[in-house]
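Following: one structure in structure tokens, then a few remarks.
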Amino acid sequence: MPELPEVEVVRRGLEEHMVGRTIVSAAVVHPRTARNQAGGGAEIEANLTGLRVGATNRRGKFLWLELDDVAQQAPSGLGLLVHLGMSGQMLVKSPDATLNPHLRARAELDDGNEVWFVDQRTFGYWWLGELVDGVPGRVSHIARDLLDDALDIPALAAVLKTKNTEIKRLLLNQEIVSGIGNIYADEMLWEAGIHPRQKASRISLTRLVALLEAGREVMTRALDQGGTSFDALYVNVNGASGYFSLSLNAYGQAGKPCARCGTPIARETFMNRGSHFCNRCQKVR
């Protein structure tokens, strides 16, 4: 599943191509794309058409378009929420582009370009609704993420310190801190030298702050490299893959020597997914 850096890459691409553009038509091709919309795809099509994209925003793994009322020359109060799910792509295409068999929704812009939502596995979705304090109501419960300037890292570390549960479980909880998935949880824990199963309550505040700062640094590096792509399902708006997978130190490195000490990276099952760590550098204390 695309995590924060991958979604941010897509958001930036949409910002370049969509901000200031009016949506002249919209079509929801597959019903699952509008499964969370009370009025289904028809509601999205009717209400999205004619609105102008004022801004693109993101929180964690969710991105959205802030939509303006063209006639009123003011914000409409609506946002189009996009969740990429496991395989979703937002692609900017020319009107003569060959149709993709996994096209699920599309929006035509007033410059002639189209934005396609391509989703092979159909876990992603679009949702059009009101913004609450600038965030789509459907995801207003999602916590701030590590690249959010408004995130108070010491305060978040203090919250983690109160939890007597495994630190990785907390990092994956989108209502505590958003945008972290399996890849970046493993990478930031390796950077900080903390075992995924270490109880958060037994980690010092200083180390918890260092862990969160490491996560911010890892995600920034990933963003600079276009995100992490393991297959053709994650691409930016132009269809290009990221290459941070070449820089991973823990995730997917089972059996390879730790870049810090040379001990083979271990892999174990945790929360129905793989955890990757160094038994020497990341001891349970």
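Using the three backbone atoms N, Cα and C, a Cβ is placed for every residue, glycine included.
Copied over from Swiss-Prot, here are the features:
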| type | residues | note |
| --- | --- | --- |
| ACT_SITE | PRO2 | active site, schiff-base intermediate with DNA |
| ACT_SITE | GLU3 | active site, proton donor |
| ACT_SITE | LYS61 | active site, proton donor |
| ACT_SITE | ARG273 | active site, proton donor |
| BINDING | HIS102, ARG121, LYS163 | DNA binding site |
| ZN_FING | 249-283 | zinc finger |
**Q.** Spatial neighbour of ARG121 (DNA binding site) that is closest, considering only the active-site residues PRO2, GLU3, LYS61 and their CA atoms
**A.** PRO2
**Q.** Alpha-carbon spacing, PRO2 (active site, schiff-base intermediate with DNA) to LYS61 (active site, proton donor), which is rounded to whole Å
**A.** 7
Q) Does DSSP give PRO2 (active site, schiff-base intermediate with DNA) helix, strand or coil? A) coil
Q. For ARG273 (active site, proton donor), what is the secondary structure by DSSP, using just helix, strand and coil?
A. strand
Q) Which recorded positions from the set GLU3, HIS102, LYS163, ARG273 come within 10 angstroms of LYS61 (active site, proton donor), judged by C-alpha positions? A) GLU3
**Q.** Nearest recorded site to GLU3 (active site, proton donor) by CA-CA distance, among recorded positions HIS102, LYS163, ARG273
**A.** ARG273
Q | Distance [Cα-Cα, Å, rounded] between HIS102 (DNA binding site) and ARG273 (active site, proton donor) | A | 27
